[in-house]
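Everything below concerns the one structure shown next.
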Amino acid sequence: MKVILADYSGFCFGVEKAIVTTFEELDKEDKNQKIFSLGPLIHNVQVVKELEARGVDVIEDIELVSEGSVIVRSHGVPKKIYEAADRKALTLIDATCPFVKRIQTIVEDHYKEGYTIVIIGNPQHPEVVGINGWCDNKALIIQEEEEVKKLPNIEKLCIVVQTTMSISQFEKIAAALEKKAKEVVKFNTICSATKQRQKSAKDLAQKVDAMIVIGGYHSSNTQKLVSICNDIRPTATFHVETAKDLPVEELKQYDLVGVTAGASTPKWIITEIIQKLRNI
Ligand code: F3S
């Protein structure tokens, strides 16, 4: 069997940075100092288990921690978490993706200058919740164009967008918002990593007989890759988390197989799967 890996797959820059930062901290951490992760570091069960084995506990609320270090994951957190860490004299290991940090800074600065902040994105997503926490949770969060109609007219508007939104959705909603305000500043803060992964999965699915998509079953960016590949190879797209999930017997009928992976999939899982496929 011939196996081709998509040009862009697996860890994005921000996730890679979060993992490296965490493992570096673990290596240098003095043994008595406990490390906590505020939410699972990435959407990958295997990595979270490995971190747990090294003593990193996942917590949902910083108020539950009285000493040690707390990791902020790539999605970022509201400003109040930094204040809580200061107040409680906790060490914050800040692995916020620089692209997310940039949005937080834009929002904080414009909010201080009197702009109404609009975040185009999913209100439940931790990245959006985090960004909103840099303007006193006063942002208007818009996910669908329809929602813009219900808004009153606004004097000064600052528009940002969740890093993983689709560009067409952003443009549609931003255009509708622009009609609602006298003064608008608009920042396209979509990160190219998601788009690159989706485009290269689509290109590869067109060239091969079957596609393997690697990533957490609950990871939304992985599910999006699965649906893109499914559209092209409806009966020959397989979503797996690890090498043991590969349907080996079924795969024997294919000569050329493509592999892609979600942004939270570590390289060692991808390598193991490619190796197993090559042996079929
Ligand atoms: Fe950062 Fe983009 Fe990844 S915003 S966390 S590099 S998807």
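Cβ atoms are placed via backbone N, Cα and C, with glycine included.
Feature list (source: TrEMBL):
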- Glu127: active site, proton donor (ACT_SITE)
- Cys12, Cys97, Cys191: [4Fe-4S] cluster binding site (BINDING)
- His43, His75, His125, Thr163, Ser219, Ser220, Asn221, Ser264: (2E)-4-hydroxy-3-methylbut-2-enyl diphosphate binding site (BINDING)
- His43, His75, His125, Ser219, Ser220, Asn221, Ser264: dimethylallyl diphosphate binding site (BINDING)
- His43, His75, His125, Ser219, Ser220, Asn221, Ser264: isopentenyl diphosphate binding site (BINDING)
Would you list the other residues of this chain near isopentenyl diphosphate - those whose C-beta lies within 8 angstroms of the C-beta centroid of His43, His75, His125, Ser219, Ser220, Asn221, Ser264 - in sequence order?
Ile42, Thr164, Gly216, Thr222, Gly262, Ala263
With the Cβ under 6 Å from ligand 1 as the test, give me the qualifying entries from the binding-site residues Cys12, His43, Ser219, Ser220, Asn221.
Cys12
Measuring Cα to Cα, how far is Thr163 ((2E)-4-hydroxy-3-methylbut-2-enyl diphosphate binding site) from Cys97 ([4Fe-4S] cluster binding site) in Å?
10
Can you tell me which binding-site residues out of Cys12, His75, Asn221 are within 10 A of Glu127 (active site, proton donor) by Cα, answering none if there aren't any?
His75
Measure from the CA atom of Cys97 ([4Fe-4S] cluster binding site) to the CA atom of His43 ((2E)-4-hydroxy-3-methylbut-2-enyl diphosphate binding site) and give the result in Å, rounded to a whole number.
15
For the binding-site residues His43, His75, His125, which Cβ has the most other Cβ atoms within 10 Å, all shown protein chains included?
His75
